[in-house]
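J.: Pasting the feature list from Swiss-Prot:
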BINDING   Thr159, Gly180, Asp201, Asn244  S-adenosyl-L-methionine binding site
Amino acid sequence: MNWREIAVTVSSAGEEAVADLFYQLGCPGVSVEDPELLQSYVESGNWDYHDFGEIALTGTSVVKGYICEDHELQPKLRQLDEGLKELLQRFPEWVLQVKGLTVQEEDWATSWKAYFKPVRIGRHFLIKPSWEEVTPLPEDIILELDPGMAFGTGTHATTSLCLETLEETVKPDMRIFDLGTGSGILAIAAAKLGAQVEAIDLDSVAVKVAQENVELNQVADRISVRQGDLGTVLQGQADLVVANIIADVILMLIPDLKRIMKEDGEFLASGIIGHRSSDVEAGLGEHGLEVLEKKEDSGWVLLRARWQRASL
């Protein structure tokens, strides 16, 4: 099967919005090449990138989406063009260049593996690609992953912020809802910290990948993975609700927290680009939640919130 790769060069501030356009088109694969993020891992010493040479810090990212070359290709390209034009009108400094080429499915489905290496997150997590060998320390909690075409390798700031916060927050036998589980990395991390996790995703590919990773990590007894939205899949209330998605989707989820989160529960919201943090904070406040903690990394924000006493 052939796929049309569309590469959009955009300022780092606009990568989330462009990626969202691709997701709206139903792209099964979206990648973000962010030189500043790459440089941060080189400087941390946790990731070996010597094979890739010097990294040029341009202040821009390349967001790539993959669209099947079938009868829907041209309508989707027109929809993408309209979306990019709308972004240009609102943020003329964002979209700089758009390129397209045809690639074979096996090329884009596996080429990213060259960039995914073992990496340490927080105090104890060691993220290990399934095809890599590592020598763990006795205290390491190994998260073995093959993310395939699902979001979540742990290397992006949004995911690493969540992992660090889970390590600080999760207690044994907590009940956790992971909304938009992607590769399942956050659910697996929480399970290895002793929690019982219900992970959901709208994307059937993500659900399949997450289930495979759950089995790979031998935590199937602590995690259930299901396809659907929180309104139709989740029952009862959780001690902790985690959503590493994007700001607009988080804002849509907030009104449902009253139903799915316990009175003494907490909400972790990540995937929030810096300039949208105030919108999410306002949305939380409007629905009776107070922000306990705000973390930032590489222009991305995580918010930890709980119910205000007066709202219960």
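The backbone N, Cα and C atoms fix where each Cβ goes, glycine too.
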J.: Once near-sequence residues are set aside, which residues in the chain of Gly180 (S-adenosyl-L-methionine binding site), 6 or more away, have Cβ atoms under 8 Å from its Cβ?
T.: Ile200, Asp201, Leu202, Ala243, Asn244, Ile245, Val249
J.: Would you work out the biggest C-alpha to C-alpha distance among Thr159, Gly180, Asp201, Asn244, the residues that bind S-adenosyl-L-methionine according to the record, and give it in angstrom as a whole number?
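T.: Greatest Cα separation within the listed binding residues comes to 16 Å.
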